[in-house]
Amino acid sequence: MKYNEISHFSHPQHILNFEYTEVPFKCDGCKEVGIGSRYRCSFCDFDLHMHCTVPSLSISHPFYTKCSFQFLSRPPGDTLRYCNACEKYVTGFVYHCKTCGFDLHPCCAKLPMVLDDGEVKLYLYRKVSSPCHRCGRKGRSWSYQSACKKYNLHVACVREMLVENWHELYFGGGKGSRKLQSQIPSLKNTLQTPHKRSKGKVKKCCEMAALALQFIISAVLGDPTALIAGVIGTLMSRA
């Protein structure tokens, strides 16, 4: 096999080839949306996140210091299970702690603790005290929060935005592939915290929100290296 080809237990009939795509796809391992780097069988339209292609047999996580998560190709048991990071159902590949019963999607388990582009830093927290800019609620799922603690977005809310926009993201409204910036869900109506600032400060805050959302979406989609450059504020300008 070539260096960019692999065989995988979940798709033994064909070789999978490495690709990079700016078009969202559904991972056939964890059954979640993805973008960026993937391994693909074009014959069968079969795709895997990088995290699902080469999973670790077991992992630990700083949010659950007493847990040991084991990789499973399907959720254990017969009852519906949900991811403790994003609160969405687990229907495919999963990291499961048998002792505590916690579950993590592979991409959620690998979410970076810090997203940093050199100017903006976003930190991953299990819980935060400030409300989410999407839903306006506290608590709920894991959250990314800015260093200034003025911007916060639940991982679960990012998942919901992706699901809400899935058809448009994937099919592009019948217009074929679009530029990456037009594939990211709009931030319209996502900022629940009212602005009490001057127009200039509002614009700056919106630009920060747009950039933060791009970072978080890239990470949740399984490829934090797919951070978008040059489109700061463009999402909010359409809101």
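Count begins at 1; order follows the chain as displayed.
Even glycines carry a Cβ here, placed using N, Cα and C.
Bear in mind that TrEMBL entries carry predicted annotations, made automatically and left uncurated.
Sequence annotations record features per position, and here TrEMBL assigns domain 'DC1' to 9-52, 72-109. Feature annotation from TrEMBL assigns transmembrane segment to 211-236.
Taking the domain 'DC1' (9-52) as a whole, pLDDT averages 91 in the prediction. With helix defined as DSSP H, G or I and strand as E or B, the domain 'DC1' (72-109) counts 4 helix, 10 strand, 24 coil.
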